[in-house]
Each structure stands twice: as structure tokens, then as C-alpha cells.
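Trainee: Checked TrEMBL, it gives:
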ACT_SITE  106  active site, proton donor/acceptor
COMPBIAS  235-252  compositional bias 'Basic residues'
COMPBIAS  253-263  compositional bias 'Basic and acidic residues'
DOMAIN    1-136  domain 'Peptidase M14'
REGION    230-263  region 'Disordered'
């Protein structure tokens, strides 16, 4: 996980019908249950909801609960630590130490289904698995290159305003893809835009590029800061309001001049 730059994964369990997302360990060490969201909680809730709302069994409103917990009231998703604390889970490790976002999917009420039940389990979960994998095409993607050499930059830090969780670009040893290729999820649920990053990074900052989404990028040392659509759109709206006010003032001045000239 640390060598290859995965960005999305899931581990599959049995024994319940729910999708659990990080954090899995409570912040208060002596508590068995405590809501413990990550900085990317909206993204994790989206990923969990994508799976739960396309699972044939989870969406069945007439099904019985597996055990004591009624997850249907929560849309069949739950924060892992708010269910039961799990120290050192794979979900937490992936989020804290890699670029990967990972959830736990409880596929069936039966912890150990019989082999004869596996074809039906596949049908219940096939569409959910495919839709979950398709989420990898969402977010900000691209290659961070050096302005002068055009070479990819390894271990460049990518930050998003308002999200206290950074990621790093890949390295040449991390897989077949080019060095400096990151994928950054952006929350909240308006994360769903895609940016081919063609900006070059160097001592003079970021140059050129093209932006099919509304965001801005600035260089901070060896880091890149991405400003989300909300902040960009709000600044644009303020500029438009200022321009409209200036036009109205100019129009009033012209009207006043016309009135005085006529007199």
C-alpha cells in the first residue's frame, strides 16, 4: 500500500449488511463507541452510500435486520468507531499512511455462507462493486511536472483548502504510471469534478494549464494548494457584484450629467 499509489479500496466481510467507513478507532481510547469522522468524512459517506444504495439486499426495505443493530435507519452506512472501535484497522492505516481511501463492506448476514449461496451473493453485490470501482474516476487527477525539466515530481504534497489531510504524488518506483501522478479526493459531495493537471511547478510557481473545473492552484514550497470550487465561485460572485455596482454608478453619473445639461 505504501509502495504502490492506490487511491481506492475496500475489504469485504460477512456477518452484517452495512458499509463502514473511517475512522474505525475512537479518539477517546476507553470508549467502545464514539463518532470519529475523518477530515474527508463527506467523501467517505459518499463512497459508502454509492455501495449501499446499489446493493440488492441493503435496499430491500422489507428485509429483516441481521442482528441487533438496525442499519437501515442510517442508510446502511456507519462510521466504524461509532459502531465498535477497532484499533489499527486497515481502513485507518490506509487513510493515515497512504493516499488510499478504504471502507469495510459487510456483504451478508451470514458470516460464512455456504458455497451454494455464493452465486446469489455475487448477484447481490456485483453492481455495487462495479459502481464503487467507478468512483475512482472522480476527483482531481493529473501529473505534477517540473517547470524546467518536464519531469514528474515525486513526493510533492497536495493540499486542499478546508481539508486537513494531504496526499503525496507517486514515485518512479511506485508502479508503471509516470512519476508525480496524484489523485486527490475533494469533499464535500461536490467533489465530483475532474481536473487534468498540466501545471508545471518550479521556483516561479505554477504556469499555464487548463481548468475544466472551477479551482485555483498555488505553490507553497514543495506543496501544491488547491482551492475548491466553493471558494472560487464565491470570489467570482463578489467580483461580479462589484462590477454591477460600478456599472450602476457610472449609469447614474451619466443620467445626472444629462439632466443638468438639459437644464
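Here the Cβ of each residue, glycine as well, is placed from N, Cα and C on the backbone.
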Trainee: Kindly state the mean pLDDT of the domain 'Peptidase M14' (1-136) in the predicted structure.
Mentor: 91
Trainee: In the domain 'Peptidase M14' (1-136), how many residues does DSSP call helix, how many strand, and how many coil?
Mentor: 50 helix, 19 strand, 67 coil
